[in-house]
Structure formats: C-alpha cells, structure tokens
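Undergrad: Provided herewith is a single structure, encoded as structure tokens, for subsequent inquiry.
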Amino acid sequence: METASGPQEKYQLITRNLQEVLGEDKLMAILKEREVKIYWGTATTGKPHVAYFVPMSKIADFLKAGCEVTILFADLHAYLDNMKAPWELLELRTRYYEHVIKAMLESIGVPLEKLKFIRGTDYQLSKEYTLDVYRLSSVVTQHDAKKAGAEVVKQVEHPLLSGLLYPGLQALDEEYLKVDAQFGGVDQRKIFTFAEKYLPSLGYAKRIHLMNPMVPGLTGSKMSSSEEDSKIDLLDRKEDVKKKLKKAFCEPGNIENNGVLSFIKHVLFPLKSEFVILREEKWGGNKTYTAYETLEKDFAEQVVHPGDLKNSVEAALNKLLDPIREKFNSPELKKLTNAAYPNPSKAKPAEKGTKNSEPETIVPSRLDIRVGKVVSVEKHPDADSLYVEKIDVGEPEPRTVVSGLVQFVPKEQLQDRLVVLLCNLKPQKMRGVESQGMVLCASSVGEPRQVEPLDPPAECCAGERVYVEGYEDGEPDDELKPKKKVFEKLQADFRISEDCIAQWKERNFLTKLGSISCKSLKGGSIS
C-alpha cells in the first residue's frame, strides 16, 4: 500500500469525503511533526452490513496517510446500549465482529499487520479505568449524558442507567487508547463534543474528531441493521444482493437521497479511483468514470440509466463480498455465526412431560424450500431409474441430489431447468450417492402415473425462497428430524389446484415473483 508524502497530501487523504472535522488546525500541526494516531470503534451488536465498507475505506485512507490506526471492538458498549448484545452472547458476537471486520479489510486490500485490534473489556474493567468512570460521573450532568447519546444509544421512555454511562466510556477510550483522534459517523457528533467538554475536567487532552456522513440505505434512509430491505448483509447471496438492489430507490435523474449513488461515492470510488458503468453496446457500451462528480452529473442528466447503475454496483459489490462469503463458508465460522446470532423464533422447548410442554407446531414455514437451477444431470452409476443432479440453490457449491425421474422426465428437459428443491431434509445415501435435497414434483392420481417437476416463475434466481401464502415470515428448521415426520405431515395436504398451482391447504406456494405451478397435472399430489 503506497503512502502519501508531505503534511498537506496526508491531510487531504485523511479528510477526503468526511462531513466534518473538529480540530483541523491541531491535525495539521501534528502532521508537520509526526504520524497521527487514530481509532475507530464499533459496538458489537447487530450483524455488520455493506455500509461498514464506508469506514473501512476511510481506514484505508488513514493507512495511506501513514496514520497509526487502532480498531476497537466495543463489547462493553454493546451491552450498555440497552443490552443490544446480551451478556451471554457478548463474547461470541465480539469474535464474529473480529472475523468479519478483518475479512472486509482483506477484501479491500488493507494489510492487517498495519492495524492494532483491541477489545473494550481488555482495559475497560481495569482499576484505573473504573476509577475514571466514577470521576467522570461526578462532573457529568444527567442532561448532558442523555443528550450526548441521543443519536447513538437506543432511546426508550425510561432509559437505563447503562445508556447514560455509554458516552462517558467512549470519551475515556480516547485517553486509554492514547490516540490523537477518534473517527466515526456524524451521528456520533454529540458524543464527540461531550468528550471535548468533559475530558479536560479530568486533566486529559481534547482530541480531534473526524466524522463520516451517514450513507443513505437502499430505501433512501439511513442504512440500518434492523430494516431488512434497507441493508445488504455481508453474507447475503448474490441473488439477494440483486433483489435488494432491484428494490433500491434510484429515480432517473434524482441525485438526492440516492443510496446507490452514495455507495459509489463513499465506498467504490475511494477504493478503486474509478467506476465502470456496464451496459450493452446498443446503449453506448461500458463507460469508465475517473471522477465521481462526472458520474453524478451524467446520472442527473439521465445519460446513465438507473438499471445500468444498479447492475454496475451489483457487479462491483459482489467482487468485495465474494472473499468474505468464501471465508465464512468454513464450518467453524458458520457455527460461530449461528451461535452469535441465534434465531429468536427458535425458543428453547419445554422439557418433555412437563405441564408447560406443548405439541410441536407443524407449519410450512419449517420447510426450507428454494428455487434451484439444474446445472448437470447424469444417470446414477448403480441405478437405472435414478438421476444424479447438481443443483444450484444459491450456495457456494451446487448440491448433489438423487431423483427417481428417469422414467418420467428426459435428461435434456432437466438440464438448465429451474426446479423447486426441499433443502433441509437430512442428507441420505441412495445407492451409494448422498442426496442433499429433494426435487418437488407433481404426480397424477391413478395409472399410468405421470410426474412433472414443479415450475417456479421463469424470472426467479437460484436460491430464492419458496413459501406458503400466509407463512412467509417463519424460519425453517436447520434440518428436519426424520422421527418427527414434519415433512410427511405437511405433505398430506399438498395438492395441485385446478389451475395447476401448487398448494398446501388451498394456500398457494409462492416466490416473490409469483406462484409455483406445474405444466398439466391438475388435482395431482406433490412429493
């Protein structure tokens, strides 16, 4: 990584794309004498999303400017903020953040050896730090503490004392990390000015504060971990990235509150110094922009179409996400992710036989059904009636699926076809080949038996979820236990309607693009 030379060049790198700097003169004075020490902290709460690339790209700028950069995993802050991270999950979430932030930095080419990583609890539970918390609490008013956290700490009618402590701890971090400057979003401004007011009262120096703008989410508001359509998760599949970008607010010619343009400005341009608009030759072919202002001007004048802008962002974003997805595909990190962010709907069942135990709920949302694309079909080496298919369901590798369709569907009709796959059956070997799912098909009633694979809408992507109308919000089981016979109990009410639509209890099987159907077997069963 090349570094800037000279105080002015370093200053430009440190401050580019920032919304505000408190302490500009002090920053320049330090740059004339030595390298600047900066820290960025992140509370280990919800899953990081693609907006985290905004601070990551600035951290890359800081390193190019020769700064000494510390990344703080603020685990104690995560607990203090209205218990956004429960105490029992604190360690797991901190480990998750460490892995995902490092994967993001590696994805954009930041050398990790140039960074210092530290957890809040490594020093915030020390005797000295704790004494300073008490000293600070003796001079800070309740009004100032509440005001400082208003944009950051979760606001409730009756705030907990922990939320009032939060700004003071963040202020003390500047002293205990021995930095010249703290970097964060402009939503942290009140905490930064709080620190500037109160640290000197303890005899500590006032620090420089560097503030990023808040990047609009895809809906045009702040990108939020709690608004599913507003954010793109770092581990989202390519199909989900496409789907969320497709929904993004990006009105032709409108450059105000445009989350897609904002992401290009604050993430993609700083990382590559250029951005390529991908489009067909008949629309002018690809065009490379070396200045964001030129791209914004062309979009405002409708020279660049929103569809081309979204497709180009999708391609660039997936290049950043691919190495992160690959890293988190390991069994260890999959296990960590599930442990750090357990499914809240999966409450611990009552003890069997206790008076609080209830019959298990059998609902279709427990089935993990997805659209799949058949990428290859071969005859089973040891069974004439079976196919062995490779089916893409939006995972890093296609699944191997064994199907008894040889007598009903010619091989060439399966190749490259979209199918509907049940993905959470327990894998089982069929004549020596492990099958990792089941292709759902319509079957005729009576003889001669006819079988047709179910058809999703033609525009669907591999991996897209299939659900039953009215049950779209439930979470599927990780794996269906054979002894529970969940699928078998639900399957008893699967039917093909008179309109050839797949149904459960007269409720349609759906994707976001429409109904699941079959070609002709009205009134048939589904298996």
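Quick reminder: no glycine exception, Cβ is built from N, Cα and C everywhere.
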Undergrad: I'm validating the feature mapping. Which of 2-7, 242-247 is tagged motif 'Nuclear localization signal' in Swiss-Prot?
TA: 242-247
Undergrad: Sequence gap of 6 or more, C-beta under 8 Å: which same-chain residues meet both conditions with respect to Tyr39 (L-tyrosine binding site)?
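TA: The list for Tyr39 (L-tyrosine binding site) reads Val69, Thr70, Ile71, Leu72, Asp173, Glu174, Leu177, Val179, Ala181, Gln182, Phe183, given in order along the sequence.
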Undergrad: Might you list, by sequence position, any residue in that chain lying six or more from Gln170 (L-tyrosine binding site) with a Cβ less than 8 Å away from its Cβ?
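TA: Gly41, Ala74, His77, Ile191, Ala195 - these are the non-local Cβ neighbours of Gln170 (L-tyrosine binding site), listed in sequence order.
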Undergrad: Measuring Cα to Cα across Tyr39, Tyr166, Gln170, Asp173, Gln188, which the record gives as the L-tyrosine binders, how far apart are the two most distant ones in Å?
TA: 17
Undergrad: Measure the Cβ-based neighbour count of Gln188 (L-tyrosine binding site), defined as the other Cβ atoms within 10 Å of its Cβ.
TA: 23
Undergrad: Reduced to three states, what secondary structure does DSSP give Tyr39 (L-tyrosine binding site)?
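TA: In the DSSP reduction, Tyr39 (L-tyrosine binding site) maps to strand.
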Undergrad: Provide the three-state DSSP residue tally for the domain 'tRNA-binding' (363-467): helix first, then strand, then coil.
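TA: Counting residues per DSSP class in the domain 'tRNA-binding' (363-467), I get 7 helix, 51 strand, 47 coil.
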Undergrad: Please work out the mean pLDDT for the residues of the motif 'Nuclear localization signal' (242-247).
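TA: Mean per-residue confidence for the motif 'Nuclear localization signal' (242-247): 85 out of 100.
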